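What Swiss-Prot records for G138, E139, F140, R141, S142, G143, K144, T145 is ATP binding site. Under the heading ssDNA binding site, Swiss-Prot lists R240, F243, R246, R252, R320. Look at Swiss-Prot and you will find R240, R246, R252 tagged as dsDNA binding site.
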Amino acid sequence: MVDVKFEERRFESPGQLQLLDRQEAEEEEEDCFESIDKLISQGINAGDVKKLQDAGIYTCNGLMMHTKKNLTGIKGLSEAKVDKICEAAEKLVNVGYITGSDVLLKRKSVIRITTGSQALDELLGGGIETLQITEAFGEFRSGKTQIAHTLCVSTQLPVSMHGGNGKVAYIDTEGTFRPDRIVPIAERFGMDASAVLDNIIYARAYTYEHQYNLLLALAAKMSEEPFRLLIVDSVIALFRVDFSGRGELAERQQKLAQMLSRLTKIAEEFNVAVYMTNQVIADPGGGMFISDPKKPAGGHVLAHAATVRLMLRKGKGEQRVCKIFDAPNLPESEAVFQITPGGVADAKD
């Protein structure tokens, strides 16, 4: 086990760090959701459960996140069957009112994953949180993808070392993922680079439809193995390519909203952190007193979907500045971090 002093965030590597016991991680996952197979104990036919799984629904929690209209669209499921399935799922999952104390108790399952920079972690209240979407937007070379690469490694640290003790799913829409970049970051954290790469599942998306289908396929993997992070880099790129002009803007925003809804459901269903990067566009209404005004792409649809929004900009040399743009529980503030060969780290004076 690696001796990591998180008070000073200095990562020493006298040994090799591996994921914690697989059985322990799987037991933690079982506490997060109820498997769709448990519907059989409530009198639901095994064949109907298989149809739900074929449609990408693997947990009772995920089932309750679908409308009955969507469920009746699954081949072989009538309205009567859907009603019976939903009634059975409600016996296994509480989807009604709970007290504020219960919400507070549920929040204790939130895991905060270190970014590699103590200053950035403090800005975020401890790190990137599970059960929510964190969006980072900024110009090119502002550090968005570098944070993503560092999180690919830090997520695999034990929870006691400010990690997530889980695997990572990476959906790449711009071709910016570099496995060779992971190697020095893993070495910095004292981890076996080969094992770290094996715990990252990667997919290159080429259209917005492909991107959405990749999200649907994730449910099967996340129901079987302990995942703690989903990265989408970048969330908006393919939508800006596949939809052009004002005539297709309404359809684009509708499809974008559906995909963001899916991301939200994944975060809450499997207790994973969703980190997505976003591009910026020129802001004609930015005002004459702001030099080169820019705003995040995606409009209000994307703004409402992200729980925490981070604005990144270039600093001096390899330094970058992160500002809390929007968050329900964090004050508007800034932190300076640095991009190093070992990933994101605290800035050096």
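Here the Cβ of each residue, glycine as well, is placed from N, Cα and C on the backbone.
Residues R240, R246, R252 make up the record's dsDNA site, and a Cβ search at 8 Å around their centroid adds F239, F243, S244, G245, E248, L249, Q253 from the same chain. Proximity to R141 (ATP binding site), defined by a C-alpha to C-alpha distance within 10 angstroms, is shown by the following binding-site residues from R240, F243, R246, R252, R320: R320. Within 8 Å of the Cβ centroid of the ATP site, not counting the listed residues G138, E139, F140, R141, S142, G143, K144, T145, the chain contributes Q146, L312, K314, R320. On a Cα basis, E139 (ATP binding site) lies 16 Å away from R240 (ssDNA binding site). F243 (ssDNA binding site) carries neither a helix nor a strand DSSP state and counts as coil. The Cβ of R320 (ssDNA binding site) has S142, G143, L312, R313, K314, V336, F337, Q338, I339 as same-chain neighbours under 8 Å, each 6 or more residues away in sequence.
Taking each Cβ in turn and tallying the other Cβ atoms within 10 Å, the top scorer among the binding-site residues G138, G143 is G143. Annotation for T145 (ATP binding site): same-chain Cβ neighbours under 8 Å, separated by at least 6 residues, are T176, F177, D233, T277.
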